[in-house]
Amino acid sequence: MSLQGSGTRPQDISGTTATPEENGAAQLPADLQDERLIARQGISGAVGAFTSRLRSGDLGSVPVVVGLVIIWAVFQVANSSFLSSRNLVNLTLQTTSVGVIALGIVLVLLLGEIDLSVGSVSGVAAAVVGVTFVNEGWPIVLSLVAAIALGVLIGLFYGLLYTRFGVPSFVITLAGLLGFLGLQLLVLGKEGTINLPYDSALVGFATRSFLSPAMAYALVALVVVAYALSRWQGRTARAAAGLSAAPTSVIAIKAAGLAIMLLIPVVVLNGDRGVSSMFLLFLALVVVTDLAVRRTRWGRSVFAVGGNVEAARRAGINVRMIYLTVFAACTTFAAVGGILAAARLVAVSQASGGTDVNLNAIASAVIGGTSLFGGRGSAYSALLGALVITSISNGLALLSLDSNVRYIVTAVVLLIAVTIDSLSRRSRQAHGRA
Amino acid sequence: MTVTPTPLDVGAGTVLTLQGISKRFGAVQALKNIELDVRAGEVLALVGDNGAGKSTLVKTIAGVYTADDGSMVFDGRPVRVGSPAEAQQLGIATVFQDLALCDNLDVVANLYLGRELRRNGTLDEVEMERQSWELLRQLSAKIPSVRIPVASLSGGQRQTVAIARSLLGRPKVVMLDEPTAALGVAQTAEVLNLVERLRERGLAVILISHNMADVMAVADRVAVLRLGRNNGVFVVSETRTQDIIAAITGATDNAVSERAARRSREEGPAS
């Protein structure tokens, strides 16, 4: 079945076949009139389309979800407190900073580029907040703005180097990795560690701010209703334009699925402290990034540049602007992630953003299903990938295993993810979905 | 029959005129004093041997290269084209040989790349899809679905998508760079039909091709380039293929014309 969906069938050149109108196909929506098309309608059609997409190698986020389930099951068997409400709330707190940084990595990966310096950038942003807020006594808002602005500037600097001089992003950001680590040490000065005041709004937001259960449930309801409404609106618009539209039953099932998918975690998290405001911020950033990437002209241009730079340039897309904005967005997310990490740990040190922050963020994006080859990926891969990475370190910490094991396990998972990416890419090419 | 290039008349209906276009790459004179005019509703074939400067000329018109010398008149006013985007804004659309499609995007996304329709700041996918079908129907294009990645389309279908995309900007001039190269018999016919439909729409079509059969089939006039210079403009209905080939190769005693001459000599006395 799956093969028939691709364009490998011979062209109909006989000229003797009846036109769609004569076939009585005029009643069909405009996009379902070709006789070679396997019409997929209704619920079974939606399921069939999904399985045929999987078989052709268009895996999307399926491998990471399967991987996450396996990882959680293994840790739950090894230590029954892994899936407890308390630990899962911790997990959401730990996921946030890596996830926010990974969100930026997703964007650069969509262009087929890389940013190796996100760890150092996150560290230097945290250092700026620490020094200006604690040592210099700036208002917190001003400190945050300064740190985030630094993140934006660093990305613009990368983008300028890349677009004006054509230096490979790998090298630019490798230099950034060292350079901004140096800047971080310089900003922190001799003491090396700055403790953030525990009663400050920033630390409170990152450690003690949770949604009340009622708020969380209301939010779930709001999201599900908004989803169903936008789907319904899309359906109506498509029907009005004479295109095929998903049947109401499929929309209802998808909305119900979303409701269940959101309700279960909320119920579990509410068993302890609840849904963290910081985690909610991360989710909001994921949703906004996803919409920006899929629904705006900018996002479409990002995919186009990642798929074929020359085609994008000839289509009149301002390719330089795309590189500039994406590099800037990446380092901005890195700065925000660094600030959140510092706020959660209530301190900025020379180790902030060091060692594995960088690689965890990059690994998260890749494990989540964003292709290293550019032009393919989703903002949600940052969320899923970060959950996988954090689950591994969280679970191994529960088992009192040292970081040596954690590194090895993370490496294996990363390797599996990249292998799946390469294999599915080959399969997509074979099935004409590259 | 003598090879007489038709004089350049910058008369009514002329959309694009090139005057004295020259382009150097280092020590190489790629184009020298090129004169060319294209009229609305005609197919002008641009032919020449490898290295004659066809691609350079097309890229100069399309704004990929800037000419070192010479001027361009578009729609009655002198223009300078500094970038592909400027050429598009003027109304000069180009379909390059490599088609420049994004394999990872679907047909709709490729058609509207760089000029997506928007509603309330977000992409208006529904309207783009509806208009894509409308456009593809007008061109009698055979594309099964516009929501599949372009990677899964055949060569002719990809060419169709690339040509259809060039029409979305409502251009006055469409340049096609070797649209039938690497296509099968039926797909070539489809693309040639498409070229004729462009002409019926009143567009000026510049067709670059190595295939003389295709050129004679659809072109109204043929402009020959040889070693970066003009080597004659022929009206297809009044010209034999061998005259054009003679102009391309720069010799009247080439293999093709020799053979034709020999045959006509042999047949001459008999008849």
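Cβ from N, Cα, C; glycine included.
Unlike curated entries, TrEMBL annotations are predicted automatically.
Copied from TrEMBL, the annotated features are:
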| type | residues | note |
| --- | --- | --- |
| COMPBIAS | A:1-20 | compositional bias 'Polar residues' |
| REGION | A:1-25 | region 'Disordered' |
| TRANSMEM | A:59-79 | transmembrane segment |
| TRANSMEM | A:91-111 | transmembrane segment |
| TRANSMEM | A:116-134 | transmembrane segment |
| TRANSMEM | A:140-162 | transmembrane segment |
| TRANSMEM | A:169-189 | transmembrane segment |
| TRANSMEM | A:209-229 | transmembrane segment |
| TRANSMEM | A:241-268 | transmembrane segment |
| TRANSMEM | A:274-293 | transmembrane segment |
| TRANSMEM | A:322-345 | transmembrane segment |
| TRANSMEM | A:357-375 | transmembrane segment |
| TRANSMEM | A:382-401 | transmembrane segment |
| TRANSMEM | A:407-424 | transmembrane segment |
(message) Counting only residues 6 or more past its boundaries, what in the same chain has a CB within less than 8 Å of a CB in the transmembrane segment (A:169-189)?
(response) 108, 113-117, 119-121, 123-124, 126-128, 130-131, 154, 158, 161-162, 327, 348-350, 352-354, 358
(message) With pairs fewer than 6 apart in sequence excluded, do the transmembrane segment (A:209-229) and the transmembrane segment (A:357-375) have three or more C-beta pairs that lie under 8 Å?
(response) no
(message) Which residues of the chain, 6 or more past the ends of the transmembrane segment (A:382-401), have a CB below 8 A from one of its CBs?
(response) 61, 64-65, 67-68, 71-72, 74-75, 78-79, 81-82, 87, 90-91, 94-95, 98-100, 102-103, 105-106, 282-283, 286, 289, 360-361, 363-370, 409-410, 413, 417
(message) Within this structure, do the transmembrane segment (A:140-162) and the transmembrane segment (A:274-293) have 3 or more Cβ pairs under 8 angstroms, counting pairs 6 or more apart in sequence?
(response) no
(request) Verify whether three or more Cβ pairs under 8 angstroms connect the transmembrane segment (A:91-111) with the transmembrane segment (A:140-162), leaving out any pair fewer than 6 apart in sequence. (result) no
(request) Could you tell me what the rest of the chain brings near the transmembrane segment (A:91-111), counting residues at least six beyond its ends with Cβ under 8 Å? (result) 118-119, 122, 169, 206-207, 269, 275-276, 278-279, 281-282, 285-286, 289, 293, 302-303, 305-306, 322-323, 326-327, 329-334, 336-338, 340-341, 344, 357, 360-362, 364-366, 368, 370-372, 374-379, 381-383, 385-387, 389-391, 393-394
(message) Can you work out which residues elsewhere in the same chain, 6+ from the ends of the transmembrane segment (A:116-134), have a Cβ less than 8 Å from its Cβ atoms?
(response) 97, 101, 104-105, 140, 142-144, 146-148, 150-151, 154, 170, 173-181, 183-184, 187-189, 194-197, 200, 202, 330-331, 333-339, 341-342, 347-348, 352-359, 361-362
(request) For the transmembrane segment (A:322-345), could you work out the same-chain residues 6 or more beyond its ends whose Cβ comes under 8 Å from its Cβ atoms? (result) 93-94, 96-101, 103-105, 107-108, 110-111, 113, 115, 117-119, 121-126, 129-130, 144, 147-148, 150-152, 154-156, 158-160, 162-163, 169, 196, 202-203, 205-207, 278, 281, 285, 298, 301-302, 305, 312, 352-353, 357, 361
